[in-house]
Amino acid sequence: MRLNSVALLSLVATALAAKAPFKIDFEVRRGESKDDLSPEDDSNPRFVKRDGSLDMTLTNKQTFYMATLKIGSNEDENRVLEDTGSSDLWVMSHDLKCVSAPISKRNERSFGHGTGVKLNERELMQKRKNLYQPSRTIETDEEKEASEKIHNKLFGFGSIYSTVYITEGPGAYSTFSPLVGTEGGSGGSGGSNTCRSYGSFNTENSDTFKKNNTNDFEIQYADDTSAIGIWGYDDVTISNVTVKDLSFAIANETSSDVGVLGIGLPGLEVTTQLRYTYQNLPLKLKADGIIAKSLYSLYLNTADAKAGSILFGAIDHAKYQGDLVTVKMMRTYSQISYPVRIQVPVLKIDVESSSGSTTNILSGTTGVVLDTGSTLSYVFSDTLQSLGKALNGQYSNSVGAYVVNCNLADSSRTVDIEFGGNKTIKVPISDLVLQASKSTCILGVMQQSSSSSYMLFGDNILRSAYIVYDLDDYEVSLAQVSYTNKESIEVIGASGITNSSGSGTTSSSGTSTSTSTRHSAGSIISNPVYGLLLSLLISYYVLV
């Protein structure tokens, strides 16, 4: 049987659509919170100085990565914050109620140690029941009354991270100990909060929206901002790819100003407190056959860039140098047999001196959470002291950070971080120096709380690496980044990464591999089905 050209073209198109790379270009925005995002043309990290050049309070201007979604048959446009440290998508309802965070909380956005999401006693008790009494679903009156008593007794507050989930995974709080790290406040600036300035979704105008008959959606942050609403599912278009029946939440009341696209592990979905998980965006992309594996690669770009990208189901070999090295994510909780957050082992950290020698500031395996939602990085006290000493910095109690020589902003020295798998990422010290005033510079590495079991690397470290997140196999692959606008993209099959060699350099990108097929200018696609169908199509045209 002979196929005509139209049929063959249709097969080619179908093959490409089924397993083609799915790329989201995001814009970089800065702000103290999601209520205080920077103007469109301002993507540089910002800090607020008060009360003198040294005796000052610095307000962390966080980093946000914003993507555009079109939701429902009405294609309501929403700009949301991409977050690798949370796992739920939620957007604003068209008629939601905008509320303000308490003034006392808004005034505490500093470098103080935040605990992330604040859970009340009722929620803490529920998490213990989920772990040890999975069949029990009814709360006692005593448990309900307990929520009135806890407030901030167990958990402090602060707005140093931008991850915004309410759950830490099943059993996370079985010992009622505060866990400090990836999570943080969402914002809430007061009466000027319009809530819908970055878009909203009108469920009544979408013919394809279905409301879930489940518990309400609820997220609460350490700075007392929150969002509550309903769960549902609808068609969501991202970068010209439509995901059918994607589960997400619609907020009816919030003190935040923008929704969130969480793409983390399913163990961090807010529904885990109700003993179930669902297919968030990475998992749904795989389930629908849009990508072959729940995997994405992240390119944060340079410190002053206004845009970056995330590539689902594929790797851009032009964006890194050398080889990708894969490390297993670490288990977060002893009670859980799998990781619930993206945490990897770091073996050692060295600081390069001006003479070329190195000073070791960390040795021995230490868990580190990779959180692109955090502008700054947070390490343990002894590591921070060693880093400050190596850079001849002076610790300022009033600032809560090391004051360093501003000449380091132009330094070519690096901090060398060896991850598990013997992969070393070189981080320019200049990326870790923040200008607080004309004559004062701050080290953008802060002290992690002593109650935390892990350190945290934010985007000032992570932008030096090209990182591939494999949610199926709980793996992370890393390589030294190569900053370039060129692309050499390979689709990843169900078996995972097969080609781990980068074609990028510090000045230019490389070329394609011999097994790749040219798909479009500047893009390399490795897809056997596409190659076979394209060969059939070429043969057909030759024969006729």
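Cβ coordinates come from backbone N, Cα and C, glycine included.
As recorded in Swiss-Prot:
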| type | residues | note |
| --- | --- | --- |
| ACT_SITE | THR167 | active site |
| ACT_SITE | ASP371 | active site |
| BINDING | ASP83, THR84, GLY85, ASP371, THR372, GLY373, SER374, THR375 | pepstatin A binding site |
| DISULFID | CYS98-CYS195 | disulfide bond |
| DISULFID | CYS406-CYS441 | disulfide bond |
| DOMAIN | 65-479 | domain 'Peptidase A1' |
| CARBOHYD | ASN212 | N-linked glycosylation site |
| CARBOHYD | ASN240 | N-linked glycosylation site |
| CARBOHYD | ASN252 | N-linked glycosylation site |
| CARBOHYD | ASN422 | N-linked glycosylation site |
| CARBOHYD | ASN499 | N-linked glycosylation site |
| REGION | 31-50 | region 'Disordered' |
| REGION | 500-520 | region 'Disordered' |
| SIGNAL | 1-17 | signal peptide |
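Features recorded in Swiss-Prot, as mapped to the structure shown.
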residue	record	DSSP (3 states)
THR84	pepstatin A binding site	coil
ASN240	N-linked glycosylation site	coil
ASN252	N-linked glycosylation site	strand
ASP371	active site	coil
CYS406	disulfide bond	helix
ASN422	N-linked glycosylation site	coil
CYS441	disulfide bond	strand
ASN499	N-linked glycosylation site	coil
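Closest to ASN240 (N-linked glycosylation site) in space, going by CA atoms and restricting to the recorded positions ASP83, GLY85, CYS195, ASN422, is ASP83.
In this model, the domain 'Peptidase A1' (65-479) carries an average pLDDT of 78. Cβ-based crowding with a 10 Å cutoff singles out ASP371 as the top-ranked of the recorded positions ASP83, ASP371. Counted within 10 Å of its Cβ, the other Cβ atoms near SER374 (pepstatin A binding site) come to 29, all protein chains included. Of all the recorded positions listed here (ASN252, THR375), the one with the fewest other CB atoms within 10 A of its own CB is ASN252. Checking each of the recorded positions CYS98, CYS195, ASP371, CYS406, ASN499 against ASP83 (pepstatin A binding site) by C-alpha distance, the shortest gap belongs to ASP371. Rounded to a whole number, the distance between the Cα atoms of THR372 (pepstatin A binding site) and ASN499 (N-linked glycosylation site) is 25 Å. A simple way to gauge crowding: the CB of GLY373 (pepstatin A binding site) has 26 other CB atoms within 10 angstroms, across all the protein chains here. All protein chains shown were included, and the count of other CB atoms within 10 Å of the CB of CYS441 (disulfide bond) stands at 20. Overall, the recorded pepstatin A-binding residues ASP83, THR84, GLY85, ASP371, THR372, GLY373, SER374, THR375 cover a maximum inter-Cα distance of 13 Å. When each of the disulfide-bonded residues CYS195, CYS406 is scored by how many other Cβ atoms sit within 10 Å of its Cβ, CYS406 comes out lowest. Here the recorded positions are THR84, ASN212, THR372, ASN422, ASN499; the one with the fewest Cβ atoms within 10 Å of its Cβ is ASN422. Among the recorded positions THR84, ASN212, CYS406, the residue whose Cα lies closest in space to that of ASP371 (active site) is THR84. Calculated from their C-alpha atoms, the gap between CYS195 (disulfide bond) and GLY85 (pepstatin A binding site) amounts to 22 Å.
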